[in-house]
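> Structure incoming, see below.
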Amino acid sequence: MNLVNKAEKTFALTTPLYYVNDVPHIGSAYTTMAADAVARFQKLLGRDVLLITGTDEHGQKIQRSAESLGKAPQEFCDEIVPSFMSLWRLLNIQYDRFSRTTAVRHKAIVDEFFARVWEAGDIYQGQQKGWYCVSCEEFKEERELLEGNRCPIHVNKEVEWRDEQNYFFRLSKYQTQLEEFYQSHPDFIQPESRRNEVLNFVSQGLQDFSISRVNLDWGFPVPNDPKHTLYVWFDALLAYVTALLDPEDEPTLENALGKWWPINLHLIGKDILRFHAVYWPAMLLSAGLPLPDRVFGHGFLTKDGQKMGKSLGNTVDPVGLVQQYGSDAVRYYFLKEIEFGKDGDFNEVRFIHVLNADLANDLGNLLNRTLNMVKKYCANYALSITNEDIPAENTLKALGVDLGAKVKQAYEVLAFNQACGVVLSLVQASNKFIDDQAPWSLYKQERQQEVETVLYTVLESVRLAAYLLSPVIPNISSNIYQQLGFGINFNEQTDITPFAIHAQWGLLSNKQQLGQPQPIFKRIEQTKNV
């Protein structure tokens, strides 16, 4: 297969394909919000972006969940999948492809890929003995287990002993190739802590892994031995490839891999790191395909410092959270307050405090009061000042000049908290600047040029902040842009706002038709039960 060199102008990224044994939880929402922010940022840079999400629908866990409700597995999946799609709509996620592992065209891709790996001599039949976690859909090594034969991830679940004939993938064959790849591509696994985990795991010696199950009806049959069902992970990882097909394409690897492959970024939770950073690249090497650019494993979420779980009754309902506070609020808190890659905590009191402080007070009040001053102090509700009138040593201009480059660097390494933090520094400096300069006092002294200079400088800084935060808070950013006289909606993909222009300080012109001041984020009143 001749794969063309992927264009610099394209960027493909994936969330995990979420397991549909239940409705989506806040952890799934977290990964997807991050992916959407990356996708929106890449679009600002002028790239064609493909954001892939979807659902992993095969396996024993789903079969058992369906049986417990007296339903067929497909019926069960068909009822759960819409809850993911509706949550993504609520969160303002602009995904391009939703890949379901039960899709007919996915089976064609899986069968073709299996045939390639079979022809490479990397699949054989053997006896599988070991402890199996149904929730992980994975065999566990004895040294990994907790007391009472419990899974280290699903601590309330006992693993099951299995002894059965399975097909295996020769993972051990790729030990050296993988180690050499990790060495020559140090950014492949991120952050550094995850990379070290993988290097440590691989250095202990890779074992061949089972890619089929017997006594399991729910999944694709092994192409040359239908008594066996393909292991959920062998099938699920390939759904990233299936998602690359255009709707009218015949489902072949050649068609799928033509434009978007290799994937630029796989975003995952750290619990599925091994599958994406070890098994997946080895499978691709076996099939003779280029490897993805980057796998980023983020941390887990806790609530009020405690691990979340249904048994503890302390889960965070993402649907309820968005319905109560709005999508921008939820996106902002999780991306700004948690260092992506580390574990993070949700606390509703802190959540409300952060939103009120950053969005309602610092950003919202600043825009509102400044626009009202323009209305009060400037003829025809317009500024006569332009960027050329502002000296380079102006406090806010000096801060704004390099801000775009700093924020770009932060977004590119998925440091959303840093991107938000440096933008907020400009907003806070703008609040201090307007208080220090006191345009109301300058107006009384009839120093009109200075009044307008102060107001221009602050409004331009708010504009720049809105633009740079638009991947995180697109609704609020759109509202700000429209109040500043730009007919731009950051949710409309046809509205072109090139980074090279809009990330520069000084874009606001003296011809702007400023909009009416409106609150961009209403202060949240804290109820007693929070």
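Every residue gets a Cβ built from N, Cα and C, even glycine.
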> Any idea which of 18-28, 128-138, 161-171 is down as motif ''HIGH' region' in Swiss-Prot?
18-28
> For the motif ''KMSKS' region' entry in Swiss-Prot, name the matching range from 67-71, 307-311, 512-516.
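Range annotated as motif ''KMSKS' region' by Swiss-Prot: 307-311.
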> Under a three-state reduction of DSSP output, how is Cys151 (Zn(2+) binding site) classified: helix, strand, or coil?
coil
> Note the Cβ centroid of Cys133, Cys136, Cys151, His154, the recorded Zn(2+) site, then list each other residue of that chain whose Cβ lies within 8 Å of it, in sequence.
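The answer, listed by sequence position, is Val134, Ser135, Glu138, Lys140, Pro152, Ile153, Lys157, Val159.
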> Limited to the motif ''HIGH' region' (18-28), I'd like the whole-number average of pLDDT.
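Across the motif ''HIGH' region' (18-28), the average pLDDT comes out at 92.
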> I'd like the Cβ neighbour count for His154 (Zn(2+) binding site), meaning other Cβ atoms within 10 Å of its Cβ, all protein chains included.
16
> Cys133 (Zn(2+) binding site) has how many other Cβ neighbours within 10 Å of its own Cβ?
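Summing over all protein chains shown, Cys133 (Zn(2+) binding site) has 22 other Cβ atoms within 10 Å.
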